[in-house]
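Enquirer: Dropping a structure here in C-alpha cells format, bear with me for questions.
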Amino acid sequence: MTLQEQLVALMTILRKEIKRYLRIWMQTLLPSAITMSLYFVIFGSLIGSRIGEMGGFTYMQFVVPGLIMMAIVTNSYSNVVSSFFGSKFSHSVEELLVSPTPNYIILLGYVIGGVSRGLLVAIIVFIVSLFFTGLHIHNLFVVVVIVLMTSVLFALAGFINAVYANNFDDISIIPTFVLTPLIYLGGVFYSMDLLPEFWANVSKLNPLVYVVNAFRYGVLGVSDVSLTIAFGMIAGFTLIAWFYSMHLLNAGTRLRQ
Amino acid sequence: MIPALTIENLSKEYTGGFRALKGISLEVQQGDFFALLGPNGAGKSTTIGIICSLVSKTSGRVAVYGTDIDVDFAGAKKNIGIVPQEFNFNMFEKALDIVVNQAGYYGIPPLLAHKRAEKYLRKLGLWDKRNVSGRMLSGGMKRRLMIARALVHEPRLLILDEPTAGVDIEMRRSMWDFLKELNEDGTTIILTTHYLEEAEALCRNIAIITNGEIVEHSSVRDLLRRLHREVFIFDCVDPLPEAIEIEGFSVHRVDDNTLEVEVKKGQHINEVFARFNETGIRISSMRNRANRLEEMFVNLVEGAA
C-alpha cells in the first residue's frame, strides 16, 4: 500500500471508531460526566470542605487533576477493549484482516480512536470541574504530553486485553480488578505524604501514581514523584505495550487460526 | 498467461495435530469460473482461509495472479475479494457504511468509495436499504451485502464460500445471473458450494477435495463425460404391470405409474422410447433421478474414503 492509501485506511478505522462511540454516547461519554460530577460534589464540595488544604491547594483543586486522569485512563482503555473485542466477537475484524491494511495501521487506528475518546471525556470532565472550582494550567506542555502518552498507553493495554479476551467477562476483569484499584490507590484522592513511609514506597510500584502526579504537576505545579521518572516510566511502558501489541497482531494470536 | 491462483503442496496442521490439508496443489486460470467441492470438513474453508490470510498455512506456496503471499501478501490481497460462509460484518452498522469502510481498508478514497458502494449496492438490489443497519436485513440481503463489500475494491479474483446457503430459489437464480455477468466481464470466480446443481450450472472447472486431499481436478464437461450411467424417471399414463422388463436396460418399478430406467454409456434414450412403444407404455413426463454431478461427486468422495 502507498503512504496515501495507508492514510485512507487509518482515517477509515478512526472514523469508524469515533462514529461508534458517538452513536452510543449514553454509554460512552455521559457516564464519566455524571460520575465525575458526583465525585466533585461529594469529595470536592461536601467532604473536601472539611478536609481543608492538601499539597497547598483546596481539596477540590487537588482531586480534579486525578479525576480527569481517571476519566482518560478508563475511557481510552475501555474504548479499545470493547471495540476490538466486539469486532473479534462478531468476526467483523476479518474485514481488516483480509485487506492489505498493514498491522501497524490497524493498531494505530484503534489506539487513536481510544485516545480521541479519552481526550473528549477529559474535556467534558474539565468543563464540568469548572462549575466547582477555578483551575489554571501550570505547564501546558506537561499536561498535553502526559495526557497523550497516558491515553496511548492505556489504549494499547485495552488492545492487548481485547486480543486475549474470549468472552465479555474477560474484558471487564482487568478494568474492575486491576485498573480501578490501581487508580484509587494512585494518589487521586490523597497525597503520598499522608502515607506511612512503607506504604508510600509500595505505592511507587503503582504506575498510576506517576501518571496522576505528572498530570497534577502540569495542572497545579506539585507532584509527589519526580517528573523525569514519571515521563520515563510512561514512555517505557508505552513502548513495551506497542511492540507487544504488534507482536500479537503479526503472529495473529487469537485472530488467525 | 499467469494463473489467477496457484497452490502448491499446501498443508495445514491445526494445533492438536489435525491435518486439514495434506499437500494439495491446484491451479485456477484467469477468467475461470471454478468450483471447489467437498463434504463438510474436507478442507475447503481452510484453503480459502489461507488464501485470504485468516488461516496460517503450515507449508506450501500460494500465489495470486503471480504474487506469492509469503513475499507480498498485501499485493496479493488487493486482487482478492472474499465472501465468507458466515456473516462477518458489524450488525449495528449501516449497509452503506459497511461497504464504504471496506473500500477504505483497501486505500480507496471516500469519494470513489461512495461511488463504488452505490454501484454495487444498486447492482445487488440493496441501494434502497443503504441506511438500514446490518441486523435489520434479511438473510438473502446480508449475503448480497457481503458480495457488494467483496467487490468494492474491484478484485480480479472473487472467492465465494457457500454464497447461496439459505437463500431462496428465486434469489439464488438472480445471484447466479449476477455472478455469470461478473465472470463474463473478466472476474475470476472460485465458488464452494453444497449445491452441486449450482456448480454444474455456473462453473467450467472443478476440484473435489476430501480429507484434505484433491481427488479430482478437471473441467465439469470432462467429469460428466466420464459418468458411466444415468438414471431417468418416467411418469407413465397407465398403471404398470407388476413385473416389467425392458430389453437391454435395467429397470426399477417405483410405483404403479413410475419407472426408473438406467441408461449406460453408449446406450441412447431413444432406444428406451422405442421399447416403450413396443410394449405400449405411454409416458407423460420424464426427469433425471439425481443431479449428474452429484452422482459423480458421491462416487469420488466415497472412493477416496
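Cβ atoms here come from the backbone N, Cα and C positions, even for glycine.
Just so you know, TrEMBL annotations never went through curation; they're auto-generated.
Features from TrEMBL:
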| type | residues | note |
| --- | --- | --- |
| DOMAIN | A:23-252 | domain 'ABC transmembrane type-2' |
| TRANSMEM | A:21-42 | transmembrane segment |
| TRANSMEM | A:62-86 | transmembrane segment |
| TRANSMEM | A:107-134 | transmembrane segment |
| TRANSMEM | A:140-164 | transmembrane segment |
| TRANSMEM | A:171-192 | transmembrane segment |
| TRANSMEM | A:225-244 | transmembrane segment |
Enquirer: State, in range form, which of A:62-86, A:107-134, A:140-164, A:171-192, A:225-244 has the highest count of Cβ pairs under 8 Å to the transmembrane segment (A:21-42).
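Expert: Out of the listed stretches, A:107-134 contacts the transmembrane segment (A:21-42) most.
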Enquirer: Near the transmembrane segment (A:107-134), which same-chain residues lie under 8 Å Cβ to Cβ, leaving out any that are not at least 6 residues past its ends?
Expert: 9-10, 12-14, 16-18, 20-21, 28-29, 32-33, 36-37, 40-41, 44-45, 58, 60-61, 64, 67-68, 71-73, 75-77, 79-80, 83-84, 147-148, 150-152, 154-156, 158-159, 242, 245-246, 249
Enquirer: Answer yes if the transmembrane segment (A:62-86) and the transmembrane segment (A:171-192) have at least three CB pairs under 8 Å among residue pairs 6 or more apart in sequence, and no otherwise.
Expert: yes
